[in-house]
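Let me begin by presenting the structure, written as structure tokens, before commenting on it.
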Amino acid sequence: MKLKRSIEVWKMGLVSYLDALKLQEKLLMERKANKIPDTLLSLQHPPTYTLGKRQTDHNILVPEAELKALGAELHYTQRGGDVTFHGPHQAILYPIISLRGIGYGARKYVEGLESAMIGLASIYGVKAQSGGKDQTGVWVGDRKIGAIGVRITYGITSHGLAFNIDPDLNYYKHIVPCGIADKGVTSLKMESSMELPGDEVIQEQLVQCFAESFGFSSLKWKEDELVSLEDGGVK
């Protein structure tokens, strides 16, 4: 008999990057101590640039002051990957899950994240594919539609994936996205010939694709209004 896996999904709406980071750190330690189940944060960020642990500042093409003038924040993180952009109309998933619990290694985990985004793109008639070992993430031709940057601590995941629904792609002009100079970026809006539903619908579809990719058969949805300080939300 196949074991039934469940995951708790937090629908959080628009959340600042630092608040989401603090929440991930808290949930990671609680997951390590088995105080909480596998958990998935589904959200969006205001305009934010982030750098991975390699801190490749040279891939930011303008001074930080100019980024701030655009209304964007800049944050250094401990995730893998290079510089990337997060903003409205981009679906973010931050899984806080035990890889040991699902029997995954790091590479298989990243492939699972790619598979979730490829599945979402296919719903809207877009043929996407992984970039392989040298170029993680999900691509439509030579244009990146989904980015991945993960951190694994004590066998527990944090950070995750970002899928472009219809963000303002002008923000990418100020960086070398993911450190790859000869490739472009794209979005579901640009690539699909279908009329897209609202972001919330697409994010729920991405959650479903994630669940299918990792074999979670039971989703326990937690609405944003329930994510309070008493529930361990951000301060």
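For all residues, glycine too, the Cβ spot is worked out from N, Cα and C.
TrEMBL entries are annotated by machine, without manual review.
For reference, TrEMBL has these:
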type	residues	note
DOMAIN	34-218	domain 'BPL/LPL catalytic'
BINDING	ARG79, GLY80, GLY81, ASP82, VAL83, THR84, PHE85, HIS86, ALA147, ILE148, GLY149, GLY160, LEU161, ALA162	substrate binding site
SITE	LYS144	site 'Lowers pKa of active site Cys'
ACT_SITE	CYS178	active site, acyl-thioester intermediate
Q) Averaged over the whole of the domain 'BPL/LPL catalytic' (34-218), what is the pLDDT? A) 88
**Q.** ARG79 (substrate binding site) to LYS144 (site 'Lowers pKa of active site Cys') - Cα separation in whole Å
**A.** 19
Q: Can you check which residues sit near LEU161 (substrate binding site), meaning Cβ under 8 Å from its Cβ, same chain, 6 or more apart in sequence, and list them in order?
A: ILE92, LEU93, LEU113, ALA116, MET117, GLY146, ALA147, ILE148
Q: Quick one: among the recorded positions ARG79, LYS144, which has the most Cβ atoms sitting within 10 Å of its own Cβ?
A: LYS144
**Q.** Cα distance (Å, whole number) from PHE85 (substrate binding site) to LYS144 (site 'Lowers pKa of active site Cys')
**A.** 12
Q: Determine the Cβ neighbour count for PHE85 (substrate binding site): the number of other Cβ atoms within 10 Å of its Cβ.
A: 27
